[in-house]
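Feature annotations, courtesy of TrEMBL:
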BINDING   ALA82, GLY83, ALA84, GLY85, SER86, GLY87, LYS88, THR89  ATP binding site
COILED    23-50  coiled coil
DOMAIN    61-359  domain 'UvrD-like helicase ATP-binding'
DOMAIN    360-648  domain 'UvrD-like helicase C-terminal'
Amino acid sequence: MTTIFATHHYNYPQNFIDMKPKLRRLEQAIKKLEANLINADTEILEQRLAIHLGLQVDYASELNPNQLLAATTTEGKVLVIAGAGSGKTKTLTYRTSYLIENGVVPKEILLLTFTRKAANEIKSRAKALLASRTADNSYINGKALNDITSGTFHSFCNMLLRQYSGLLGINPRFTILDTGDSEDAIDLINKEKKYPTKITNQAFPRKKTLQNIFSTSRNRRIHIRELIENSYPDIAVHIPIIEQLAVDFHEYKRANHLYDFDDIISQVVRHLKHNDTFRQLLQKQYRYIMVDEYQDTNIPQKELIDLICAPASVSLMVVGDDNQSIYAFRGANYENILLFGESYPEAKLIKLEQNYRSTPAVLDYINALSAQITLGYQKQLYSGLSIAGIKPVFRRLSDETKEARYIADKIIELKPDYDYQDFAVLCRTSFQSNYVQLEFMERNIPFIVVGGIRFIERRHIKDILAFVKILYNPNDTIAWHRILTLFKGVGAVTATRLTQAINADSNVNNNVNNNVNNNLNNNVNSNVNNNTFEPLLLPSFAKKSPQLKSLHTTLTKASQAESVEIVIERILEFYIPLLKTIEENWRERSEDFRVLKNLATEYDSLDKFLENLALDPPNDSVATAGEREKGEDSNDKVTISTIHSAKGLEWPVVFVNSLVDGMTPHHRSLSDFEELEEERKLFYVACSRAKSRLFLTAPEYFSSYSGYFDKPSRFIAELSADKLTVETSKKSINESEDPIWW
């Protein structure tokens, strides 16, 4: 096979030999399940549909054979390998419809996804599908599909903890810590405890690193010591303190009724293991379980599924693509999908391989990438399109500036046939888009950068939510610290003392019970009484800041509000004047408050408001006031995104830039087999976003604080040259502004 860069040599990861026993086990599990592959037998499918006469939906004409096979397979444990662009959402939609049409009680269906949007889309499509085919609209009038339990793993487990709090012996009025809150809590504990540190040149890790260590340790079931020694060796000297900090963090959350994202799932798993009544209740209720994006699950999520699905009578269908497992940094375990046949020896396998997204020419390249992935289920995507399309293009430029100019030139060249929103530039890391952004601004090409600071993580939004959190849970010390340190004269020490005084009030600690009325009938939160905020008025604290008295008044008034929207309004009356004193651009930030108030109108209780914002935050692409005033069209813009953020999306024209070995794949992955394989899958995800045109670009070199990289990406180099069109400069080497060295 002739490759593009035949002269370049790439080192294989050093730990490949050590990985062989693990790889053999995974390979055996894959082969075992491949032996249980179900093919779309026409006779079997006809029998299934004939048995259930009177079906309103014509499943056979609206699904391809393998989609139909998956939609009508309702017994046992099944893994559906859904290749990129193969219509898995459509398949899950029709399977939901098929279950309902065949008499399955909606309350027995559980649909777990990784975004609420995905779950709602499947339910709403199934609802519309049945409504359009059912004459009497009985499914819709009875709101039957609303009884399906659907959502993310976190929202499902949060619901279980609150609904069954009495059975589980827990306080239902806990507050959920997002990642930023957890980092703040860890930082606060570290400062308060004043752990004795060794005299060393190695600084103690930052709160972000510590939070990631604690979360990874739990999700991957690795001891903190082992994790640090393997992945963070530079801070190994601090292991004893970090281990103690992890213990203190756990105790801190328990004492203050706080759950982080990991707690929500791990607590449900723990109770499922040890509470027979709880486990049997769920196994009896949920008889038909569907899991989307199974390749992204972590160990606790897999355990949750396994515990509920233990009875043979429970139908389980998981859908995913092992080629798209790219979230190990979040704790996802790619082995879950590869070991499905080991977890369920009687499981069956179905494959969706017809691609509805890409042209055959693009698909040919994607299949070539797939073949380079060392381990996985066999798959060969194919297209139903008769027109082959244009091969992907590779272009190597002299530097990043020229690379960005090339991308802009191509967009302008193709613009007569496309809108700006049809283009996307996908980067391995966000900083790789800097030159592209500068070039687009210079050329007046409109663009939107996906990523940035999420709406829910903007400082002023977190400030407002801190007020809401203490109304719901006055024990939330992290929220108290955030609010109190806004005031001049109130530092961390005073904030700690004041928080302790508030939490020491027996009325606060004792007035929580399992029968608290969360509905906003008489007031917004019956967990707050007349004495809750009295410590704010104590002379020893009041003298620190005159604003504490106003804070007391604001919180008291807000606690008596009759709707979540009014709660937000009363908080803003206090907060906006404060914001004016600390932020020059307060007017731009205040546009976000309007968005927050609109969100508040959708909820009738503080707990639901806080839960949904934490577990499934709103779309982050909220237009600023400045954009609205300029009348900008927020839709027709080129998308600049990291590859991770682009997963699940598609564009007619895709550019993947910075394809230099050391950047794509990332230099940190080059010595580790599993990390390098994930980088390969990440490149696969990037390329499989393209519908019609795919452009791959690389500068001659890439220089950063991490080093100097000048080899083209091995992901380009290892493929046959006939899979790509390689563009070179039209000028000679001597004349060209973009000299090309092969």
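Cβ atoms are placed via backbone N, Cα and C, with glycine included.
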Pick from SER86, THR89: which of these binding-site residues has the biggest number of other Cβ atoms within 10 Å of its Cβ?
SER86
At 10 angstroms around each C-beta, which of the binding-site residues ALA82, ALA84 has the fewest other C-beta atoms nearby?
ALA84
What does DSSP call THR89 (ATP binding site) in the simple three-state scheme?
helix
Which are the residues of the chain, ALA82, GLY83, ALA84, GLY85, SER86, GLY87, LYS88, THR89 excluded, whose CB is within 8 A of where the CB atoms of the ATP site average out, their centroid?
THR91, ASP321, LEU352, ASN355, TYR356
Would you mind listing, in sequence order, the residues at least six apart from GLY87 (ATP binding site) in the same chain with a Cβ closer than 8 Å to its Cβ?
ASN64, GLN67, LEU352, GLN354, TYR356
If you rank the binding-site residues GLY83, GLY85 by how many other Cβ atoms lie within 10 Å of their Cβ, the lowest count goes to GLY85
Spatial neighbours of LYS88 (ATP binding site) that are distant in sequence (at least 6 apart) but have CB under 8 A
VAL80, ALA82, ASP292, VAL319, LEU352
According to DSSP, collapsed to three classes, what secondary structure does ALA84 (ATP binding site) have?
coil
Please work out the mean pLDDT for the residues of the coiled coil (23-50).
89
